[in-house]
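Colleague: Have a look at the structure that comes next, please.
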Amino acid sequence: MPGSEDEFKCCTRDFLFTCVNLLSFLLDIGLDIWAAVSLYKQKAYVYFSLLLLFLLGSSMLVQVYSWLWYRYDDFKMKTKIEKKPSQCQLKLLHVFQLGIFFRLFHDDICAFIDKACFVRTLYRKRADDESVAKFLRQDLRILRFIETFSESAPQLALMLTIILDKCRLDPVTVLKAIGSTLSIASFLTTYDHSMRTFLPEKEKHHMISLVFYFIWNLVLISSRIAALALFASVLPCFIFAHFICSWLVLFFFAWRSKTNFMDDPRGEWLYRTTVGLIWYFNWFSVAKGMRIRSVLYHAYILIDICILCGLWCWKMSTDPPDFVTHPLTTAACVVAVYVLGLLFKVIYYTFFHPNLDKDKLKGATITEEQPEDEERPLKATDNKRMRKLAENFFC
């Protein structure tokens with residue numbers, strides 16, 4: 001039991017976030033299998049192939065990041081569970097797409113058991129056990145961040161496209177769409193929670209700031225995905241050309257942003273490629289001083305949504321289906337929702353977003369405080385990858 005009321009509240013909050021993470025992850029896996037089997041039985045082979053593409057492509061991308069980060073850290077394992085597989089065995093786990101499950105087990109499941117007071121011996125028996133767990137969980141949340149926009153967001157667009165194409169609400173498709181939405185929503189809350197660990201106590205936000213952060217992100221993502229689904233339902237072949245062209249533009253701007261997230265040039269190019277994919281659905285800051293580029297990005301996406309919805313309205317007017325009686329109203333609502341999301345974002349950045357210098361964030365690089373080989377307790381704020389994301393977000 002924690003020694004103070006504040007520590008107890010912190011432990012309880014972390015436990016709840018861990019529960020949300022685990023439940024959404026397990027639910028998403030179950031719905032993935034159910035949706036794939038259902039599409040195959042319905043002989044919807046194109047949709048089935050796309051679903052598998054999203055699942056396998058996202059899994060491979062996440063495994064590559066996971067392996068690279070182990071390599072960047074010189075395979076220094078922090079827990080007894082991490083130390084069990086050899087380097088060769090760890091590589092095989094990633095080759096067979098099991099690296100993320102290994103991280104999930106020793107980061108979240110063990111933390112869940114530990115916090116629930118079932119087992120206290122899975123992590124090192126030191127005073128900093130909880131800090132080690134938080135440190136490791138930061139990497140897992142970044143991987144979930146990548147997975148959200150390489151799997152959950154495309155899947156949600158696909159499920160909405162299937163609903164629009166079939167003109168009926170299939171239970172499996174609807175449940176998978178809800179599952180993808182919940183996965184995105186849980187990511188938004190846990191990711192924001194991880195970023196807050198770098199804030200000084202006096203700068204940490206109240207619940208209302210989390211609500212605004214959650215709303216503007218979810219509203220913007222929902223509007224973007226709805227526009228993509230509408231367009232794909234009437235011009236399915238052109239959605240691939242739209243993605244490639246948009247991704248090339250976004251990748252160019254990611255390259256021009258001069259990111260420095262990874263530890264080697266090849267890893268950095270992979271990261272910029274991933275940033276282009278994430279920006280296709282939603283904005284996030286990849287370098288300090290991105291306010292102007294953020295405005296340009298949202299203007300670009302708003303124009304793109306208007307074009308996509310306009311093309312959908314044109315197709316609806318030339319070949320109107322029975323289930324859409326007011327296509328212009330539907331398209332206007334999609335655009336209006338995006339504008340509403342921008343309004344919530346402006347409110348958030350005006351009243352709730354802290355603007356801090358790099359030195360005011362919790363934690364510090366190894367070179368700033370101590371030698372690399374000095375033994376000391378790990379902290380969640382020692383995770384250099386999440387710290388870089390926090391610097392880009394708050395500074």
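Note: Cβ is positioned from N, Cα and C throughout, glycine not excepted.
Those TrEMBL annotations? Automatic predictions, nothing curated.
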Colleague: So which range, 97-115, 135-153, 173-191, gets flagged transmembrane segment in TrEMBL?
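Modeller: So the range that TrEMBL calls transmembrane segment is 173-191.
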Colleague: Rank 46-70, 211-231, 238-257, 299-317, 329-352 by Cβ pairs under 8 Å to the transmembrane segment (269-287) and hand me the top one.
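Modeller: Answer is 238-257, with the largest number of Cβ pairs below 8 Å.
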Colleague: Need a quick answer: max count of Cβ pairs under 8 Å to the transmembrane segment (211-231), which of 173-191, 238-257, 299-317, 329-352 is it?
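Modeller: Result: 329-352.
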